[in-house]
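Here is what TrEMBL records for this protein:
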DOMAIN    11-48  domain 'Molybdopterin oxidoreductase N-terminal'
DOMAIN    54-511  domain 'Molybdopterin oxidoreductase'
DOMAIN    628-748  domain 'Molybdopterin dinucleotide-binding'
REGION    712-743  region 'Disordered'
Ligand SMILES: Nc1nc2c(c(=O)[nH]1)N[C@H]1C(S)=C(S)[C@@H](COP(=O)(O)OP(=O)(O)OC[C@H]3O[C@@H](n4cnc5c(=O)[nH]c(N)nc54)[C@H](O)[C@@H]3O)O[C@H]1N2
Ligand SMILES: Nc1nc2c(c(=O)[nH]1)N[C@H]1C(S)=C(S)[C@@H](COP(=O)(O)OP(=O)(O)OC[C@H]3O[C@@H](n4cnc5c(=O)[nH]c(N)nc54)[C@H](O)[C@@H]3O)O[C@H]1N2
Ligand SMILES: [Mo]
């Protein structure tokens, strides 16, 4: 084991902290000094180490164990999430899991194992759960993987059709300091919520949003936030807009640019492709509907005059359009992304300092952060012999419809027949939509294996659960390409119960499956850390960056690298602007595609060849039985479902339930008082939540953030009442379009009513029931 230094450091997705120990016990996590705007999300991490919901020993679902011990392979999948567990010694649990993997492989082939295992896990390059599980499953013969993510799946598919690659979405953004120095008008679709910029996958040394907004304000820049929620951008002018209607807003602005001859015709001619097609749509020449501000006003709820003023302002000043990732996590989420690129093209400022557009600026800390040129290795994943995959958010479709066809970005594809699910480092019972449907789909596979640290809803819905260490209980190295630091993350607590590292669990299975050497390369954790650091240090040296040797690195604090000078930082597509031939884009035309023959060629009615307004399937313009638009946005008090059981997250609850924000006028119309518990419902499900009245919301919009641990009432009801306030029992499980197939959580209508019955207790943070082995029931016939 590596030595623990005098002043240990811990790296998380929400920041880097000094750990203070009292004797051998971790007592406090204190943000590192160089972080100007640290996040309090570390509160509770210490308490969570020993919380009652901590998983202490390997555990197996009772009827699953009974069946396997009786030599039967049938599985009562309906028992998942309902049955008690039996705790087993490590060796027996590993034997059982290895035998199950071997059986599935030989009976159905490796493609029957779903190892997509999406999720954020913890910061750290080595104990990176995704790298670990994929390396293990690859060593064991492969698995069906997932592509894309829940964050920006629709964008990841459409942006390359527009720009040729994912510049402006994943990397290559105009940097924040260049925007802060040059932008005069900043239009933020979806705001720039501080709550979201608290986190960044992989870790953070410095939180940069606040300082950049302050610099913009100090220069007198105009900040305008178009959003259904005022506090998405503190201190900006609020342009309240109905959710899911930004494409109509931008079309209305585009019409003004054309009607008042404000569009940059030269830029459109030299740098874009197919504007004539889009123009005919905007003017109405193509479909007899002119997309005027008067057309857009009733759709968006934004007065026509404000749309006109906004278009003129963006044309008259150095202007920048920021688009939050939230806009595309919605029905037809491809469209606002395409239309923003089109509007910015019409404004003609793309590639100029402080001009143009970009996606996701506050959707994570570090988007637009000027960073040195360095990427740091994670554990290599080996090669997957199985080529099949699913779009990540189509998991329930795949489980419910094996062998059935679906469309994806121009491809005819078939859903695989998945017999085993193996998950480590994510929580589908947090992240997926329509959880009642997911629960039905989740009954299908023959086996579900999960690595978790807490008895969260994922662990409860597993057959075999392996308890794993948390970031505080293991040594690691953290680095993020969105920041400029490398740090050790030191082990500051002993593992709770019998918890092991993911690496140790996979090593144990690899040994049983005869692939130990492929998986471990005979390296201990320390060997791997030295190896990965050594390779990272070599890469750094090749880019002229000097990192200390491993032992000094391990003893010292975070290594902070220099930022490039302001004049060396990027403006998105500046090179292309300067010379569109020499720096042609990778699109078919080499230009920004405002009409795409490729996309048009797919023949999709839900994503035609240029950006269009298509009314979402659920929105305020077509609200009937369910008249309120539910914003299940990211929570301010936690990262997704992580650490919901402690700290700030727990403290912010009311009556032990998640808080739903509602406009006073909507509450009054329903006889709902502040701080009371309500039932939120639609045809997909129902949950309880505690109401807070707030005039920071557009009337008609209610806000219930994600992340309250799914807590369905006991029993077999297809739509049990969820007691804790998890909005994903309400959201729709629909692809954004046949092109993107991304999750569309933000298109969701609900109704809210006072809850007058006795309040059921919230049981989300209790461990499940355990029984001992001799009490194992003889298995019933599998339920149909
Ligand atoms: N309604 C609605 N739903 C949404 C969204 C929305 O806007 N609205 N947003 C979506 C988005 S953008 C995302 S990214 C997803 C997020 O969904 P997830 O990333 O799946 O959510 P997390 O709660 O971060 O899940 C991480 C899990 O990994 C566990 N974990 C942490 N570290 C480790 C480790 O080292 N090893 C192992 N084995 N486990 C570990 C944690 O305990 C936790 O249970 O949610 C999506 N869902
Ligand atoms: N504290 C915290 N921060 C997080 C996360 C977390 O769980 N907790 N998760 C992280 C992850 S994985 C991701 S992907 C990012 C997600 O980043 P985003 O996708 O940007 O986050 P959201 O909170 O879903 O949405 C941001 C705001 O957009 C507004 N909005 C929603 N729909 C619309 C619309 O149709 N039009 C307009 N104009 N505005 C709209 C909502 O009011 C919302 O508050 O956040 C990251 N940051
Ligand atoms: Mo995300």
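Including glycine, each Cβ sits where the backbone N, Cα and C put it.
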Using Cβ atoms and a strict cutoff of less than 8 Å, what residues sit near the region 'Disordered' (712-743) while being 6 or more residues removed from its termini? 78, 81-82, 148, 150, 152-158, 328-334, 391, 393-394, 396-397, 406-410, 430-440, 599, 602, 604, 606-607, 617-618, 630, 632, 653, 656-660, 679-682, 684-690, 704-706, 750, 760-764
Same-chain residues at least 6 beyond the ends of the domain 'Molybdopterin oxidoreductase N-terminal' (11-48) with a Cβ under 8 Å from one of its Cβ atoms are 54, 120, 122-124, 198-211, 454, 470-472, 476, 478, 485, 487, 489-490, 492-494, 557-558, 560, 637-639, 643, 645-650
Is it possible to list how many residues within the domain 'Molybdopterin oxidoreductase N-terminal' (11-48) are helical, extended or coil according to DSSP? 7 helix, 17 strand, 14 coil
